[in-house]
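As annotated by TrEMBL, transmembrane segment applies to 12-40, 85-103, 123-149, 161-188, 209-233, 263-283, 290-314, 334-356.
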Amino acid sequence: MLDYETLRFIWWLLIGVILVAFMVTDGFDMGVGCLLPLIARNDDERRVLINSVGAHWEGNQVWLILAGGALFAAWPRVYAAAFSGFYVAMILVLCALFFRPLAFDYRGKIANARWRALWDTGLVIGSLVPPVVFGIAFGNLFLGVPFAFTPQLHVDYFGTFWQLLSPFALLCGLLSLSLVVMQGGVWLQLKTEGVICQRALSATRHSALLVVLCFLLAGYWLWAGIDGFVLLAQDANGPSNPLLKSVAILPGARMNHFIRSPLLLIIPLLGMLLPILAFYACLRGRTIRGFLFASLTQACVIFTAGITLFPFVMPSSVSPLSSLTVWDSTSSQMTLEIMLVIVLIFLPIVLLYTLWSYYKMLGRINLETLRRNDHELY
């Protein structure tokens, strides 16, 4: 039997892995949706882009549901505080996501230019809003969220939606959008050919450069301009009560883990190097390698954020004592144990099935494919 501290740390890692899986899989189909008005110049080209992700987008949504479910089951206090503080933002995401299945399913029902343009707009909105909002939400975790716990552990939120839109948070939203656009651009090079593939390469070049610039600027901003939360005292095996700890806010504290363990710097350095490698791999026609590099970029960015925050999960800007950490926001030890067994059984199955489905549907989509399967494709 694992002790409570180890279980809590394992679940921190698992939620990070689930977030990476979501950003890699749902990231590329949202990236394709964002690129729809930039790469496709006519209806046939738009159909090529849409059908490049048509076989996968529904399965990719599972990772978003899994991330929400894992957050609810493993970190119930984070779930409660986040949905209280980010309520308007989450509703905005859900409304945007609502357009995606409608756009995929109804776009081709009527062969009318205005009808299809309407659903194309819905698909772009449903693909662009979620990564931007998720990035803004992550940015606010570094700044601190204006919430506090009462002595009865009820959550009080003191901010507004507009307060979430700070310059640093918007930079994080731009970084998140750049990541999915890069992922989508590489995916289109895997799945298309000809002029669409060339335009996707150009989109990959610009988005990869933007990823590097935004990531570098965000790191400098965290180091030089944003005070960090420091955990002074807490029992890692203690009860999940966020009020039983001591917290301080210190300048430059966000870099503490990287200063104490310089090897951890490999992760953010790779986060800046891999986008460049992804583009050059695509430039040489090695798109599978490029997709791998783009996916690893997602992992490096997410784990850099996790390491920078650790052990904090959701810091509070108005009551540092109320900040949620890995050690005080989890479910009971028994719940974590049961869920860990379930995850160890079913997560590999989901991963293997996902990889198998990608392997079986790896062929390219072109205009001839659309003509041969006109009644089966979107």
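Every residue, even glycine, has its Cβ placed from backbone N, Cα and C.
Values in this document were obtained by computation on a predicted structure and should not be read as measured data.
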Listed stretch, out of 85-103, 123-149, 209-233, that has the most CB pairs under 8 angstroms to the transmembrane segment (161-188): 123-149
Contact check, the transmembrane segment (290-314) vs the transmembrane segment (85-103), 3+ Cβ pairs under 8 Å, seq sep 6+: no
Top partner of the transmembrane segment (209-233) among 85-103, 123-149, 263-283, 334-356 - counted as Cβ pairs under 8 Å: 263-283
Residues of the parent chain within Cβ reach of the transmembrane segment (85-103), under 8 Å, 6 or more residues beyond its termini: 33, 57-58, 61, 119-120, 122-123, 125-130, 133-134, 136-137, 140, 145-147, 157, 159, 161, 164
